[in-house]
There are 4 protein chains.
Amino acid sequence: MLTTNPLDDDKLHEECGIFGVYGSDGAAALVALGLHALQHRGQEAAGITSYDGHDFHTHRATGHVAGNFDRDDVIGSLRGQIACGHVRYATTGDTALRNVQPLYAELASGGFAIAHNGNLSNAMRLRRDLVRRGSIFQSTSDTETIIHLVATSSYRTFVDKFIDALKQVEGAYSLIVMTPEGMIACRDPLGIRPLVMGKLGESIIFASETVALDVVGAEFIRSVEPGELVIVKGLEDITSHRPFAPVAPRPCIFEYVYFSRPDSISEERSVYSVRKEIGAQLAIEAPVDADLVIPVPDSGVPAAIGYAQQSGIPFELGIIRSHYVGRTFIQPGDKVRHLGVKLKHNANRALIKGKRVVLIDDSIVRGTTSLKIVQMMREAGAAEVHMRIASPPTRHSCFYGVDTPERAKLLAAKLDVPGMSEFIHADSLAFVSIDGLYKALGEPRRADIRPSHCDACFTGDYPTTLTDQDEAVSIDQFAMLAERVG
Amino acid sequence: MLTTNPLDDDKLHEECGIFGVYGSDGAAALVALGLHALQHRGQEAAGITSYDGHDFHTHRATGHVAGNFDRDDVIGSLRGQIACGHVRYATTGDTALRNVQPLYAELASGGFAIAHNGNLSNAMRLRRDLVRRGSIFQSTSDTETIIHLVATSSYRTFVDKFIDALKQVEGAYSLIVMTPEGMIACRDPLGIRPLVMGKLGESIIFASETVALDVVGAEFIRSVEPGELVIVKGLEDITSHRPFAPVAPRPCIFEYVYFSRPDSISEERSVYSVRKEIGAQLAIEAPVDADLVIPVPDSGVPAAIGYAQQSGIPFELGIIRSHYVGRTFIQPGDKVRHLGVKLKHNANRALIKGKRVVLIDDSIVRGTTSLKIVQMMREAGAAEVHMRIASPPTRHSCFYGVDTPERAKLLAAKLDVPGMSEFIHADSLAFVSIDGLYKALGEPRRADIRPSHCDACFTGDYPTTLTDQDEAVSIDQFAMLAERVG
Amino acid sequence: MLTTNPLDDDKLHEECGIFGVYGSDGAAALVALGLHALQHRGQEAAGITSYDGHDFHTHRATGHVAGNFDRDDVIGSLRGQIACGHVRYATTGDTALRNVQPLYAELASGGFAIAHNGNLSNAMRLRRDLVRRGSIFQSTSDTETIIHLVATSSYRTFVDKFIDALKQVEGAYSLIVMTPEGMIACRDPLGIRPLVMGKLGESIIFASETVALDVVGAEFIRSVEPGELVIVKGLEDITSHRPFAPVAPRPCIFEYVYFSRPDSISEERSVYSVRKEIGAQLAIEAPVDADLVIPVPDSGVPAAIGYAQQSGIPFELGIIRSHYVGRTFIQPGDKVRHLGVKLKHNANRALIKGKRVVLIDDSIVRGTTSLKIVQMMREAGAAEVHMRIASPPTRHSCFYGVDTPERAKLLAAKLDVPGMSEFIHADSLAFVSIDGLYKALGEPRRADIRPSHCDACFTGDYPTTLTDQDEAVSIDQFAMLAERVG
Amino acid sequence: MLTTNPLDDDKLHEECGIFGVYGSDGAAALVALGLHALQHRGQEAAGITSYDGHDFHTHRATGHVAGNFDRDDVIGSLRGQIACGHVRYATTGDTALRNVQPLYAELASGGFAIAHNGNLSNAMRLRRDLVRRGSIFQSTSDTETIIHLVATSSYRTFVDKFIDALKQVEGAYSLIVMTPEGMIACRDPLGIRPLVMGKLGESIIFASETVALDVVGAEFIRSVEPGELVIVKGLEDITSHRPFAPVAPRPCIFEYVYFSRPDSISEERSVYSVRKEIGAQLAIEAPVDADLVIPVPDSGVPAAIGYAQQSGIPFELGIIRSHYVGRTFIQPGDKVRHLGVKLKHNANRALIKGKRVVLIDDSIVRGTTSLKIVQMMREAGAAEVHMRIASPPTRHSCFYGVDTPERAKLLAAKLDVPGMSEFIHADSLAFVSIDGLYKALGEPRRADIRPSHCDACFTGDYPTTLTDQDEAVSIDQFAMLAERVG
């Protein structure tokens, strides 16, 4: 686990972030900065592909963007004015470099690089058919399926082959594609994963979140729309295409809860404001008589400010983060579990002693970290510990590019709220309601028919069919196909 | 620069942290944890020495504790129940491993290891005398002077030799010493640098700050007193000695302002509470009509909470830290200066736009970072930007173990407050007064005669003579003595 | 250049060595030993693939076998009783890991690994056709062509697909192939590159040379015959197949001159004895009145012993090799050319001074090293320096898996023998005749029609068509297809 | 063990080589080349110190010269026209960097660097006295004793202090010393270890062997004489001093047997010629009826040529060295002993089968390698295996800077020649006689009184007192003083 914040270990994890630049000198350096700003979306590996008018250049590495893509020799070798990149959070052990994106292939029409945020829900079935016809897969990534569908498509132009391929896949995909002719950005018809478009001087930028535009100094233009292909062939030749039958969009609601950075703008809303508003809703729905509101750092801070402002209870730093430390301390041996949290966070004992505290966190997945934090408060002498969670209980797995533990490990899939409260040893526990969550987004409540967002992790209401899941292609069978390359 | 927080680059830096354990299995593993908790006191190098009853074992490394001292092979080789360690922030380029502490020497009486927090102000003069008599120095560290004074002392016992040596040095020193007979902890007569004592089960712990006791689960007993030697020869054989003529103590006041972690207890006071109180004093002394109180992360947070609570202006996160990132991103080429701050922190634009903001920071050294933050606020659309600083202007260098730039680079040594305000492009700028600072500590004002703390960096009132400084032994001449070892 | 012997830098280089084990515990460890013994056939990269009954496991690395494949973790991860490996000498700069063999692919019928010694002479034409039909190439290696021909073959069984593929390729190939069903070893119809078969206990071994059997303690059974497929499906299920139209074999004669180790047995002949015999032929054909016979180390030693024994002139070590040194010394800056040879070899001045010496080397390629050695003799005071070469002049490039410089750089393609003698500053120079070379093999002379070996590098008589060469697919165009992966 | 030749593992090992340059641009680069040529004298660590007129610069590293001292950044940092260096073979496990030479110290008179080949036999006694008076040792090296004797000497000038120090030490030392005033080279009164002097252009070179002069292109002038100090203060200011009472020299005879490279000139004799002559003596003293003379590579080759020429039996390469391989292959697990020799050397089976062979080696230490080689010959089918050794039996330890196993492990200290022959499974075994060895040097026999060389390893006749040895300061007690630094 590469996260440097142990309080984030027990979270759902967005699996990927993508970033593309069209038409700027030193495009790869901008991509490196953009990926660095998206590092929270995937910390296990990163890759960048550039195109210099003649050749494609690719560098991939396991680990963070910093340390791998801030080296002059690496960036210098990624020549060209067009580049795209990818950060990745691997769900299984298979962190082989060949699975790191962007993926690249030579077609008869020339080179083709692709970076994918999301997950296809019928990739296994498509793969079996392709292999039967002679396609040779080099990775275990679902993204490679798209490449082979393009390579073997009977359409003539690259764009037609690409649309032909997308029409065969189902699931979630935000894609940035590079060919010798230009760059294509697109989102699946439901727009499950985000993708935004910006401008830096004359050049065009695509990114998973607006913070990545901020870091390079680019201006946010608009989101790529669900079901839209934006094709950039020149700075004056940008076209929009909508090859799919129209459906009501269902973007992921968890981006507001945790995935996106608070300083991002998602669908014209400030993520920070939405989180504060969820905190305020929580204070209304689940008030408590207490002395201090304490955020679980860092993701609980905006909701805690909202809760404190709504309730009038003072906001205080009750948990101090060891803010200087650049590397995770790997405590040898058994003591890990015992000390894991303490190494990075320490209770502000003098503050907490004898006080009734409300802890604010964004979500509970397995519950193990919540338990440790409640204990940390008690050991510091808290009189009462109340936990308030700025999302509804997480009860279902995600199949659209989010790393969720199997259902059996989701605390909320096993226990009701009083049971969970007991599990984490809190004096009380409450979650914001699903309607409260939609209220924080400015809607009156969740629409029963066609809700405005994908909230399957809370409700089990999946917006697509789940072909591979239904065919019970277990992860074990899949793994059997995998050659392990060192 | 190894700090992972660019907003900390323009701060004064404590040069060292020390930690010792007497009488515990796996003493070195505890020391590694303690040093990790003290990492903010020195990030350039670390070292641990242990004693197993027969042999001393030492490991030193440049870089962080994590990554160097969390390896099983390293900790496994540091056998024994007694161990001490050191983290170091090097002031000059000389980060050669031989300068990394603990320093070790073989005397006729046996091995002798020493870890030092502070700086001697007559080390150069003593060194010249020792070399003339045949002593061979292996480092450029002032600490080695103490070793040679001990080795050549005409007293008979180790403790007498050690006291003989200390009586010849002037300046600041908190020391942890190991010999085959036990462990000695001591502070200089003025107690300029901190040192506390704790208990973990039966074993005795010494540490620069109480947070390091917290991380290993030890109980805080008391501070080692200024001018005190605590000698531990066994768990039942702990004695206190006061070999120096008594003087009024003058502990460093900047520990409250910035050096110590907010969750530490310093001289029975919560550092967090003192910082909040400084913020409150600042709100009283320098109020401003504004919409938001925004802390400069992370060190400005407690004072900002104090300011917000006192003033009634809401506390908000206006600067978002990229909290996942474990490594510093080294932006190649010229763009460093342009992007340095942005890579780690981003303005929360949606929040700030059109608002009048009060920024709270702990101190201003060169002013370069303050300038960048004010600009970041303006670029995000702030209507007004007011800067409030939770310490008086820093006008003088420190010679007691704190890395201060030469006076000519201290903004407050060159400009008055209006000039500084203009330099950082703020709409207004104010510092807490020196009396306000002492008020936050619970005193009515600064005592003109014998103030309770060393505040020389604010006032120029140095509590010791500065022999080497007066002899004008420039750093250049000193460097000439240095052999460079790769 | 990774050779540790600078006198070998100016040689033709065999590009590959292969080794396979069927049916032994710890098969990969045996393969590592075998590859280590074949290291002289390829020093830039190595790879091993194993099969454990369920999964294929692969590890590839640039650099030597030692240091990469003698690590417990690597060998431990290459589980199974079946394994094959490859060492590689890359001819172009493209040492990307994806070009390192064994190559691996998932077909509908299961996994498939292949290790190839040799070079196809129509790979480019076949590749263009395959890409046009939707195959995606991952490497720039000609070997991958075979994989795609197998994957897209319309035959039903793996063996039929494989034979179908081989019938479409032309050029030189000795192959070891692994599938879930077993191991296949085969040689092209002309048998240009070698491949032998051995037995270790019950298990079957295939190797490029018999020395690799020696190192693992295996018994040499026989060569795999030109045009033969040996299919091993079990220790009792070994079958031989001859799917190609029969032609007269033409194994590479340069294996005797330089490629094979002197302790190998090639086609029932001792390579050492053949080299001594070439030396004796050379003494008969080109005698010289001299005091000392001096071998150019190490490859000239056997021929020098033969020359000395035939001529009666004493054999002496006139060039001393710095035999302890494990790593190449990279002399910084311009001095490389000046000192390159001296760093590893030194003239035995006391021996040479005032003497007439005969230097014996195996071949001359560019002539640059010969020039340095002659100079080294003269600087040591030799009265006369006569050079005798144990092969005919090398005048033509090889397209069958040997790294030859372009013709324009072959000294013998530019100059006649007297010109070459002048170029290297020798008092005289002579090469063994082409008939003398065949005599050393026990034949009366070279057969004009269907000579028994491929000797195209000496004669220009290529035994296959050279499709890619004739289509003038320049290396530059080929390079354009290549994506560079870091 | 870093040797790349496993046949060298069972040899005595010279512990050090030294090299110095006075008065050349890029002096450190020349030292690196010289040390590379002396690598056979010490392969565990290397160091270089340079002086640029103001500062001393030092780089030390464990491992070979190549890979550490051929890097531009390293050589570039070692500025100045004066430099000296050292290669080291550590006898104990203590390869800590602080033991790597040149050692350096700051005296009141300025910097002082020293490189030492040899071993003092009263270092422990002197060390104890110095520590008692307040000297602090930083290494476990006997060489540091000299430094402290100089630092605490009551003489006034550096040269007088240095001579004062040398008069107190006993044992073997060839030294190169650098001070701001110049370079001093000297040998102990008996001249046990070698040291030669050369000239490169205007600059002066000192080296352990003449091969190191050859590699930099320097001219050999003469040996530094036993008991002589050569002081170089300028290119025109070179003086010779003889401060010791004169005694008859006793240089080490084993330099001829094995330590020196065959292309070195030792005391005006060619080492290669002496070795050939020893081989010829051996053929006269111990003839055998055989078919082939086979050298044990590489050190047995010159004696084997001598034996073959004298006896008329043909010289043949019966053991083939894997000459391309740059790194030692570390065979995992138990198989090391089984395969250790085979991995680097292979019997030339076709040559040996059915033949009576004479193996020629330079010495037998433990006998383990000899046993393996005899077995290798038998497995290859040799009819008879006769071993002939080009030195007398090695029966005594060396205390003058040669790594000898404790006596109990010397095969010749435990068994007589027939017993040794049986131990190594040879058909016969013979050693050259001690008189035969002196005959090869051109003397009629060994002089009983004052022999011309130190031959204590063969005869037990030690030319100095052995103070530390006599005081039974065991290696264990010594080790107790050692702090282990990682």
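Every residue, even glycine, has its Cβ placed from backbone N, Cα and C.
Together with A:ASP361, A:ASP362, the Mg(2+) site in TrEMBL holds one more listed residue from A:SER299, A:SER421, A:SER428, which is A:SER299. It is A:CYS398, among the recorded positions A:CYS16, A:CYS252, A:CYS398, A:CYS454, whose Cβ has the fewest other Cβ atoms within 10 Å in the structure shown. Sequence-distant neighbours of A:CYS457 ([4Fe-4S] cluster binding site) (same chain, 6+ apart, CB under 8 A from its CB) are A:LEU12, A:PHE254, A:THR394, A:ARG395, A:HIS396, A:SER397, A:CYS398, A:VAL402, A:THR404. Look at A:CYS252 ([4Fe-4S] cluster binding site): DSSP puts it in a strand.
Cα spacing between A:SER299 (Mg(2+) binding site) and A:CYS252 ([4Fe-4S] cluster binding site): 18 Å, rounded to the nearest whole number. According to DSSP, A:CYS457 ([4Fe-4S] cluster binding site) is assigned to a helical segment.
If you take the C-beta of A:ASP362 (Mg(2+) binding site) and look for same-chain residues 6 or more apart in sequence within under 8 angstroms, you find A:LYS11, A:VAL257, A:TYR258, A:ARG275, A:VAL296, A:SER299, A:GLY300, A:ALA303, A:ILE389, A:ALA390, A:SER391. The two recorded residues, A:CYS252 ([4Fe-4S] cluster binding site) and A:CYS16 (active site, nucleophile), have Cα atoms 14 Å apart. Between A:CYS454 ([4Fe-4S] cluster binding site) and A:CYS16 (active site, nucleophile), the C-alpha separation comes to 18 Å.
On a Cα basis, A:CYS16 (active site, nucleophile) lies 23 Å away from A:ASP361 (Mg(2+) binding site). Neighbours of the Mg(2+) site: apart from A:SER299, A:ASP361, A:ASP362, residues of the same chain with C-beta atoms within 8 angstroms of the site's C-beta centroid are A:LYS11, A:VAL257, A:TYR258, A:PRO295, A:VAL296, A:GLY300, A:ALA303, A:ILE360, A:SER363, A:ILE389, A:ALA390. Each residue in A:ILE192, A:ILE253, A:PHE254, A:TYR400, A:VAL402, A:ASP455, A:ALA456 lies on the same chain as A:CYS252, A:CYS398, A:CYS454, A:CYS457 and has a C-beta within 8 Å of the C-beta centroid of that [4Fe-4S] cluster site, without being one of the site residues. Summed and averaged per residue, pLDDT over the domain 'Glutamine amidotransferase type-2' (A:16-235) gives 92.
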